[in-house]
Amino acid sequence: MKDAYRFPDLASIVRIVQITDPHLFASDDGRLLGVPTIQSFQAVLDAIQQEPFDYDFILATGDLVQDHNREGYHRFAQMVKPLKKPIFWLEGNHDLQTQMHNALALYAQIQPHKQILVGDKWQVLMLDSHIEGIPKGALSDAQLSWLAEKLAEYPERNVLIALHHNILPTNSAWLDQHSLANPYQLATVLEPFRHNIKGIIHGHIHQEVDSEWLGYRILATPSTCIQFKPNCDQFTLDPLPQGWRELELFPNGTIHSRVKRLMHNTFLPDFNGWGY
């Protein structure tokens with residue numbers, strides 16, 4: 001695993017954009033349940049560029065592609081290039097790790113680092129929760145050991161943790177079977193550093209959440225393509241527009257965050273679709 005990426009000279013408030021679950025295809029006309037994912041992702045990127053939010057870097061939290069094609073990762077890299085900011089990524093359940101690593105390594109803007117040191121107050125730790133070929137997630141012993149090591153390395157820093165899979169249940173039976181399988185192993189690692197952990201962000205569930213788990217703030221972010229309707233035991237799509245998240249990390253450990261969505265609901269899904 002790469003050494004830490006350091007931002008030594010940022011302003012006192014760190015600003016981050018999170019994008020997640022674009023589900024890109026190799027072909028221009030690839031659609032996920034009726035939504036052309038390349039076009040919806042481009043619309044989100046265009047909207048981010050039009051926002052006054054002066055962010056420092058981007059976290060892309062998994063499921064970058066849908067059809068397991070290397071070309072999808074190249075598309076992602078080419079599409080985010082105009083943002084001109086460092087991009088850090090992690091794997092989702094739809095990603096193929098080897099293809100993802102090899103393709104994204106070709107682009108200098110896209111960073112392989114999973115530990116991001118920001119000034120002298122914050123670190124961001126990105127965890128790999130994907131299990132190749134399986135929708136649900138888990139944190140391996142190696143990931144948990146790495147997390148414990150990095151938390152102990154900087155005991156004075158505030159911490160934002162990112163992963164793909166949800167920890168909290170969504171009250172949707174079809175989706176909750178695909179959540180993180182070992183959340184309490186994660187909790188055991190976090191407990192000695194409880195005062196450092198200021199937030200945990202993820203994707204995967206294609207919906208907005210700002211809640212609490214064992215005293216930790218949990219933030220989930222909408223997809224840049226289809227949205228899943230909350231509190232539905234059967235697979236159900238939501239007509240809400242595509243979105244992203246803005247985060248502001250303050251030196252005292254406070255996190256201000258908001259979800260932004262496209263102004264116009266141009267990319268409606270096929271509501272008769274069943275699963276993805």
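Glycine too: its Cβ is placed from the backbone N, Cα and C atoms.
Remark: D63 (Fe cation 1 binding site) has T20, D21, P22, H23, G92, N93, H94, D95, H164, G203, H204, S223 as non-local neighbours, by Cβ distance under 8 Å and separation of at least 6 in sequence. Reduced to three states, the DSSP call for D63 (Fe cation 1 binding site) is coil. Per TrEMBL, the feature Fe cation 1 binding site maps to D21, H23, D63, H206.
For H94 (AMP binding site), other Cβ atoms within 10 Å of its Cβ number 21. For H23, D63, N93, H94, H206, the entry in TrEMBL reads AMP binding site.
Residues or ranges marked as Fe cation 2 binding site by TrEMBL: D63, N93, H164, H204.
Among the features that TrEMBL reports, domain 'Calcineurin-like phosphoesterase' is placed at 15-207.
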Around the Cβ of D21 (Fe cation 1 binding site), how many other Cβ atoms lie within 10 Å? Please give the count over every shown protein chain.
29
Considering the binding-site residues H23, H164, H204, H206, which residue's Cβ sits among the greatest number of other Cβ atoms within 10 Å?
H204
